[in-house]
Amino acid sequence: MNSQITLFFFFFSILSLSQISNSSSLLKPHPCPILPLPSSQQLQWQLGSMAMFLHFGPNTFTDSEWGTGKANPSIFNPTHLNASQWVQIAKDSGFSRVILTAKHHDGFCLWPSEYTDYSVKSSQWRNGAGDVVAELASAAKEAGIGLGLYLSPWDRHEQCYGKTLEYNEFYLSQMTELLTKYGEIKEVWLDGAKGDGEKDMEYFFDTWFSLIHQLQPKAVIFSDAGPDVRWIGDEAGLAGSTCWSLFNRTNAKIGDTEPSYSQEGDGYGQDWVPAECDVSIRPGWFWHASESPKPAVQLLDIYYNSVGRNCLFLLNVPPNSSGLISEQDIKVLEEFSEMKNSIFSNNLARKAFVNSSSIRGDQSSQFGPKNVLEEGLDKYWAPEENQNEWVLYLEFKDLVSFNVLEIREPIHMGQRIASFHLETRKTGSGEWERVVSGTTVGNKRLLRFLNVVESRSLKLVVDKARTDPLISYLGLYMDKFSGSSRNTTKITITRTLKEEQQLHDL
């Protein structure tokens, strides 16, 4: 009997120890996301970073920007049109999708619409049997990049424009053609522009949105007010220094949204509506023989102020009257890509030992600070709950020189950070000195410094957040192109022999 009791307690003890061991190995759950959150298509759109706009149509041949809708269709004759060239240039330059003006304000359709004769079927191109949308859709699919389509609400050719029901039926029919004949569409672009003195027109936006989501559920819809993507409020490609993906759609109206609200978003917004920054590589949106492209360094500056401010960079690269992207533009895009890749291919922070003020769970947690050196949304640093400070520390064996800071949030968990700053230690005194400050982060925040910083000890401090901050990536880079690297500020700290040995052993 005693031996049975002893055996019972032995197995009970083993079972208890096993349960304790299993309990201690359980992972701390992920923190709760904070609303609003991006949809799957919004998330994919934001991670795409850059898209190429293609303004093309009769305006390309009439040397105009806003066509009257009266140009003879026969003028449209791009004899060397090659949509594969457009797509390959976009892909080689790092763009995730192309967006074509299938119909601009002049009403001319780049596909053979069954609802108007004012289209490619009335032109000389391909003897009236051509379809620009079809050729681009095929090229994009083959290259593996997304396709977006622009369908102007304002139509200067269509006679029923101004007749509310009749024109909305016309527009919805053309939209249906585009969304059912050309495969998967990633973005539908609705321009809020309309000239002064034009006919009054009520658009059935809610019906349009419902139809688009019904026919192309993976597409995002762009307009001044969303519902999925908003306009940044200018045509210079520049976002606000504070830029939330949060937005209140009830505070916005297509064609009449306060520019500052579009620029900054709304930290208290109830909707997730990230911003898109559109700008043309040339002075005009359509190709003009008399115009030249912006220099590559200017595109780099726009990249910092769009992608680097939590937005998508939509760069217009208009095909010329031959139907090709001009060599001038190609050269600029190649230079821009080389600059961008040269800067961001080498994250100097990867050389650092990273620590933090706290970790959600414990030191063996899946939310440790080393996660910020790995790209991707799945891993991130999360501090312990209810802390009064949120800090990441970076220590380097050797001096590191940089003039660009990158921070990313795992936006599938919501946008959280409202302000932050970077500090480095002074030589000799060891006191912390602020280098740069910023506000929102979101998908990606890039900050350039006036001076190059040389340091061994850094700390990133989150000053304010909507809830406990999460950081998915941290980068330090050297930009030798922007003109901000002429001055060097050497900021170092002497360490004890023990500290040096600890770093040496990493």
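Numbering starts at 1 and runs along the chain as it is shown here.
Using N, Cα and C of the backbone, Cβ positions are placed for all residues, glycine too.
Keep in mind that what you see is a predicted model, and the values were worked out from it rather than measured.
Listed in Swiss-Prot for this protein:
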type	residues	note
CARBOHYD	Asn22	N-linked glycosylation site
CARBOHYD	Asn82	N-linked glycosylation site
CARBOHYD	Asn248	N-linked glycosylation site
CARBOHYD	Asn320	N-linked glycosylation site
CARBOHYD	Asn355	N-linked glycosylation site
CARBOHYD	Asn487	N-linked glycosylation site
SIGNAL	1-23	signal peptide
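Distribution of Swiss-Prot features across the structure.
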residue : record                      : CB count, 10 Å
Asn82   : N-linked glycosylation site : 16
Asn248  : N-linked glycosylation site : 15
Asn320  : N-linked glycosylation site : 20
Asn355  : N-linked glycosylation site : 15
*Candidates Asn82, Asn248, Asn355 (glycosylation sites) - the one closest to Asn320 (N-linked glycosylation site) by CA*: Asn82
*asked:* Using the alpha carbons only, what distance in Å do you get between Asn82 (N-linked glycosylation site) and Asn248 (N-linked glycosylation site) once rounded?
replied: 41
*State the three-class DSSP label for Asn320 (N-linked glycosylation site), counting H, G and I as helix, E and B as strand, and everything else as coil.*
coil
